[in-house]
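Copied over from TrEMBL, here are the features:
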- 51-182: region 'Disordered' (REGION)
- 57-76: compositional bias 'Basic and acidic residues' (COMPBIAS)
- 99-136: compositional bias 'Low complexity' (COMPBIAS)
- 170-182: compositional bias 'Basic and acidic residues' (COMPBIAS)
- 278-447: domain 'Tr-type G' (DOMAIN)
- 281-429: region 'G-domain' (REGION)
- 287-294, 333-337, 387-390: GTP binding site (BINDING)
Amino acid sequence: MSKIRVYDLAKELNVSSKDLVKKLNDLDIPAKNHMSALTEQEVRYFKSHQNNVNTVKDQKANESKANENVKKDPHNNNKTTVGANHKKHQNTATKSSQNNTHNDSTKNNNNSQNNTHNNSAKNNNNNKGFSNQNKNTKNHEGKGASPSKTHNTNKKKDINKPKVTPVKIDNSKRVKKTKTDYKKRKTEETKVEETILLPSQITVGDLASKINISVTEIITHLIKLGIMASINQEIDFDTAEVIASELDIKVELENVEEEVHSILEEYEDEDDEKDLMKRPPVITVMGHVDHGKTSLLDAIRHTSVTSREAGGITQHIGAYTVQINNESITFIDTPGHEAFTAMRLRGAQITDIAILVVAADDGVMPQTVEAINHAKAAKVPIIVAINKIDKESANPDRVLQELTEHGLIAEAWGGDTICVPVSAHTGEGIDTLLEMILLSAEMLELKANPKRLAKGSVVEAQLDKGRGAVATLLINTGTLRIGDIVVSGTTYGKVRAMVNDKGKRLKSAGPSAPVEIIGLSEVPEAGDEFYVVKDDKTARQVSEMRKHYLKDQQVKKSAPLSLDDLYNQIQEGAVKDINIVIKADGQGSVEALKQSLFKLTNDEVRVNVIHDGVGAISESDVLLASASNGIIIGFNVRPGANVSKIAEKEAVDIRLYRVIYDAIEDVEAAMKGMLDPEFKEVVVGTAEVRETFKVPNIGIIAGIYITDGKIARNNDVRVIRDGIVVQEGSISSLKRFKDDAKEVVQGYECGLGIEKFNDLKEGDIIEAFTMEEIPR
Ligand SMILES: Nc1nc2c(ncn2[C@@H]2O[C@H](COP(=O)(O)OP(=O)(O)OP(=O)(O)O)[C@@H](O)[C@H]2O)c(=O)[nH]1
């Protein structure tokens, strides 16, 4: 079933998304924000109410007139009392509700009854939803009587609001009333299909009242399914769905995260200031490949294995702590910013400080810059470790100089970035580095409450043949104890054993401590949060709810940003910063793009280039864009292998350009809501150049092998070399052996010539594409 976003509907109805969300919610249609998806049914339902209300608006224009007439002849009913004008509108109203809500009582002169009869509880909501109507009515009446009261106590006034006056509003029975009418409607020819949202677990009694079927009938159906359940017994959604479908009632699983949140809310209580204690900082090490991240982590870990712990084997559990000056520091053992951002993507911002390792003999390299940008995007302070200072070729000053180009100015140079020269090999500077970490942590005033139930993140987890699910948890706050019930994602269980990074068995562990636990039912996902809950039942409930929900539908990511809906998001106030990752074929283009994009910043939105670089669009770029709700602009570059798939999965908008001006124009147009991408490029096939031949009078022809899709003679093609687009153009010839070919498919070889291009080289990638028109 196709879904419609709130903002699309808002656009269609010419109202703001915000107002629409409110109106939807008033009608009990779940919508959180402008990105929420609505089913066709919900939209239909909403529109039918909208029509009713609009009709009512028309009628209200005649209210005073009608009222006058009523005053003149209070005994008359509205059929004869209201003027011709009103009558006309009344007919329209009836028509409209017939169309939309299957009003079958046009004969009924009393429109208020009419309304109640046909529209059940939802009309009741209608009044709630369009409170302005009520307000107006109230004003008109000159007192604050509730609509229902008005109806019951003063019939005269009903005449004046033919479509909005409900009878016997009883909110507590709203659901029941809906279902009663639902049943009634079921007998009608033209019934409105209604979906009832059910939780993952529901008692037989609750199900009965939700779908308005007697408990006995449900129990009978359950028995038929071989389930003996009493009124207070819980059944799962699947069972409820089977019963509902037998009764021809549509049910859907409601979004569990809100339900889960309400269950876990009690574990989110604010801490009392007096319970807050200092906690150790949590550190992640990042940097360019081979600059010594692993060596540095090893060297630091080695520092902690003092004589006191002699014999104590440092266990690899994904994170470890070191002691310095009687204080602890926790290190996440997975170096690299990809891991860091991948965790952030799952909602875990566990790092307090990032250590940026830069080799003194190599200086700032592309991944150093990536790491800086990833840390900046996460607003995590950076300490620079200038590594390999033992090397003769080491030039720490050059590193400091290069860092300034990326906004990191060393303290020694008047800035505020702590830079420590170290050698992971000799151990020189490591102590200073640790002291500097403590100093920075001091400034961050990191605190947590050890008195509460533990909460934190999963650092890593795996299945161990003998021990089952083994998870490294990093406690964010609270104290984790043996016997505690932990729930994380869809997995839960009792902490059966707990060890620290030194392999020591623990009974309890406090804030910032990394521990390895066993006892979970399944392997949790790294980056997921974990909660200790008060009992097994709660944990099981949360786990089951999530499992059901996951099974039922794909978890939707938070509203991704795309240029297409940028304008709407700006209007909603959902976007104040446009985060952009720029990748281009040369530093010059990067700078040009950056400068021009910066200039687009206006009062409403700021354009942030969170990362830029030369070369193909990488997985890391996509992760960063995804975690920062940003978009990627590629100029003369392409996404690397697999990257497009990840971008699709992460719903990251990658825009590729060959002309800088086009990129700027698109972003600008998107900001103004005037983006008009009428054509979209569709890649139909890719091939690899295996050999090249020089053909006299024609030029260079490539022997290519189609690796994916197909290449047709009328496609356009581009030549990609090391992730960079070197040429784009038309095919001049496509041949299988000596014959011209219309198209060649995956797994076949062929000869390819490109118009006015004679620089094809072995190893080049050929991408064939067409331009397809896409409707806005
Ligand atoms: N001379 C010297 N060599 C070092 C130092 N630190 C690391 N190396 C060497 O640099 C190379 C790379 O070190 P790693 O620790 O593997 O670097 P890394 O950043 O973790 O590398 P990746 O995990 O591949 O990203 C290894 O050969 C190390 O022995 C140092 O302080 N001095």
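Glycine too: its Cβ is placed from the backbone N, Cα and C atoms.
Here the features listed in TrEMBL are placed on the structure.
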| residue | record | DSSP (3 states) |
| --- | --- | --- |
| GLY287 | GTP binding site | strand |
| LYS293 | GTP binding site | helix |
| THR334 | GTP binding site | coil |
| ILE389 | GTP binding site | coil |
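Among the binding-site residues ASP290, LYS293, THR334, ILE389, residues whose Cβ is positioned under 6 Å from ligand 1 are identified as ASP290, LYS293.
Neighbour list (ASP290 (GTP binding site), Cβ cut-off 8 Å, at least 6 residues apart, same chain): ALA359, ASP362.
The binding-site residues in question are GLY287, LYS293, THR334, ILE389, and the one with the fewest Cβ neighbours inside 10 Å is THR334. The Cβ neighbour count for HIS337 (GTP binding site), using a 10 Å radius over every protein chain in view, is 27. On the 0 to 100 pLDDT scale, the domain 'Tr-type G' (278-447) averages 86 in this prediction.
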